[in-house]
């Protein structure tokens, strides 16, 4: 048993090192790809050595903020998805499928129409919309007994309804073209203000998730077992819900509703390292950042020299996976 645990620990360490190398290479690749070709080595060098060149200005003012937004948004959505799947014990749970992203998007778009644009007001409205979307889904799914498939279907119905309301606002708004592009999930055009906006929420949210990862693992044991272990289940669920709202709301506010990151990444992580959330959450953050960084690179390559929203790439990757899980969901109890 000791040797088995030691092997698992060594396997996780090796996997973390490999993932970290892939992540660092992805950062360099993300900084180097664009209209101006810059080598990966030079891209990483310009982060530490200032020479005032045009290439360095491109990286420092355009590509580095965009890359950091990809890291923060990818990590935040992946951790939010892992927390939702743990709290609901539903493998189909994610911020997009449960109406959280759609609610946040609706409130943000409505605020942009009514109020002057402000990054922090957008975050506040995103939090409120995420909470409203999640609450509506929970109320619908819990009536008459909640099941994983019922929860997923309720989430998709609310997601479609809220998304249609958002589309209606965009159509009726004269300046809706820019908002429509944001709705596809886009991080191109990100700036340092966006980084400053999301960074504290992402760091605090992921930090809290890691601190309470042990309690998250207990949720998977069922309410009776968790109560027997002295856990306050209602308190844990409220705390996890707040963390999910922080991570999802901040991500939507700066990047739009990017889908499938929160669904795809936790499944991959659990397949690789097991069900213990002390490991699932930090690996989800790392894998989520990797997914969105590389998806952003693909978004620049698909229609080069034009750029596609990164949300389109994650949808192409995630849709077949969601259909696979939904098909398996017929057998979920």
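Yeah, the Cβs are placed from backbone N, Cα and C, and that goes for glycine too.
Taken from Swiss-Prot, the feature transmembrane segment applies to 13-33 (among others). Sequence-distant contacts of the transmembrane segment (13-33) (same chain, at least 6 residues past either end, Cβ-Cβ under 8 Å): 39-44, 46-47, 59, 63-64, 66-67, 70-71, 272-273, 283, 286-287, 289-290, 293-294, 296-297, 300-301.
Annotated transmembrane segment per Swiss-Prot: 67-87 (among others), in sequence order, evidence recorded as sequence analysis.
Annotation source Swiss-Prot lists transmembrane segment at 97-117 (among others), citing sequence analysis.
Annotation comment: Swiss-Prot describes 121-141 (among others) as transmembrane segment, evidence class sequence analysis.
Here Swiss-Prot flags 151-171 (among others) as transmembrane segment.
The transmembrane segment feature in Swiss-Prot is assigned to 201-221 (among others).
The transmembrane segment annotation in Swiss-Prot covers 238-258 (among others) and rests on sequence analysis.
For the transmembrane segment (279-299), the residues of the chain that approach it from at least six positions outside its boundaries are 12, 15-16, 19-20, 22-23, 26-27, 29-30, 33, 66-67, 70-79, 81-83, 187-188, 206, 209-210, 213, 216, 258, 261-262, 264-266, 268-270, 272-273, 307-310, 312-314, 317, judged by C-beta separation under 8 angstroms. Sequence annotations record features per position, and here Swiss-Prot assigns transmembrane segment to 279-299 (among others).
Nonlocal intrachain contacts for the transmembrane segment (302-322), taken as residues 6+ away from its ends with a CB within less than 8 angstroms of a stretch CB, comprise 35, 70, 92, 97, 181, 184-188, 255-261, 263-264, 267, 291-292, 295-296. Marked as transmembrane segment by Swiss-Prot on the basis of sequence analysis: 302-322 (among others).
By the Cβ criterion (under 8 Å, sequence separation of 6 or more), the transmembrane segment (67-87) is not in contact with the transmembrane segment (151-171), since fewer than 3 such pairs are found. Highest Cβ contact count with the transmembrane segment (151-171) among the listed stretches 97-117, 121-141, 201-221, 238-258 falls to 97-117 (criterion: pairs under 8 Å). A Cβ distance under 8 Å defines the sequence-distant neighbours of the transmembrane segment (121-141), meaning residues of its chain 6+ beyond its ends; these are 95, 98-108, 110-112, 115, 150-151, 154-155, 157-159, 162, 197, 201, 241, 244-246, 248-250, 252-254.
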